[in-house]
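As annotated by TrEMBL, compositional bias 'Basic and acidic residues' applies to 165-174. The region 'Disordered' feature in TrEMBL is assigned to 165-189, 243-267. Marked as compositional bias 'Polar residues' by TrEMBL: 243-258.
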Amino acid sequence: MRAAPTRLAPSTAVPLCGSHCGSRAYHFAAAGAAGWRRRRRLAGVSVTTTHTVAPAVSALPFSLYTARRTYYWPYPENLVPEGATASPFQSSPVPSVRERIIREYALGPLFGSRTPCCVLGFADTARDVVACKRDVRRWVARALGKSEADVELGSLVQAKEMLLHRSGTDESPRLGDGPGSRPDAERRRVTRYARLPVQARTLLEVYLPGEEHGEVDAAADADAVILAHGYFLQEQLHRHMTTTASSGTDPTVLSDSEGSQREKPVRKLQSHCQGYSERNDEADVESSVAALHDVCGVIYCEVPVLDESDFVFDQLCGKEVDDETTERVTDRWTRRVMQQQAQL
């Protein structure tokens, strides 16, 4: 699929007054000028690029023509990679079918989206941490009052060494006062000028599958309950590290804004996990957190920000999206999921 040639600045007259070369004509185009042609094949599409520079300078008034360039879309028309197999539905060139494909995926559910309870950080490399990964799972489950089957660990992520630190990426080393890194991280960034150095170079996500598929109606409420477990573990780890370092500061003292952000998830955690204090005493939690820090080397605990955004489309392919269309697409995806589960 090729775009129409685009001409930049078709004609610009540049009068050169006072020049003694006005009676002479220079025809660079007739002399051959400069040009090159390149032909290549990219992603299954033959691409031809022609670049011609022909500035024609004639008698008064002079005319200056810019280069003419042609741009091409370097992907196949059906958006299927070369050599890959696709169904006729996905590779259909019919516009109505293409609109249906976009509508099905745009209004369908998001697959594979999970909210981690927290992200644990280590100062050692991933090669050193992989040996104690099973112990991390056991102590995290014990600190949260759950069985090991209810705790799932993600893959170890080795952060990159950055000469100029850039935050916000999955492979960025975590600073000691980064967003969500400690209970008083936001207040410290406001009241302190200097930032804390890099604290974690190996990251490990912690998931709670039982809370993801629990008896919670709204997905936002389930995410809030999951993050409440992360806030609890983060506070306990920060308290243990502060006590060990004998800093003398109280890590439980939070600002008003931070306290309001954590108050609602903590209330949901207390209502959701009734009897937690009866099954697990405070000494058991402290010993589990101490084992995470002293034995496994966990020195960082980051709680991700709750993503309350949603994907809402008012128009698709220039057509309005009503409630009936959204309901029909949702019903079709529900039937597909049920058919896949029946086959398994």
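Along the chain as shown, residues are numbered 1 onward.
Glycine too: its Cβ is placed from the backbone N, Cα and C atoms.
Here the compositional bias 'Basic and acidic residues' (165-174) has long-range neighbours at 119, 121, 157-159, 181, 198-201, 203, 300, 302, meaning same-chain residues at least 6 beyond its ends whose C-beta is under 8 angstroms from one of its own.
The helix, strand and coil residue counts that DSSP assigns across the compositional bias 'Basic and acidic residues' (165-174) are 0 helix, 1 strand, 9 coil.
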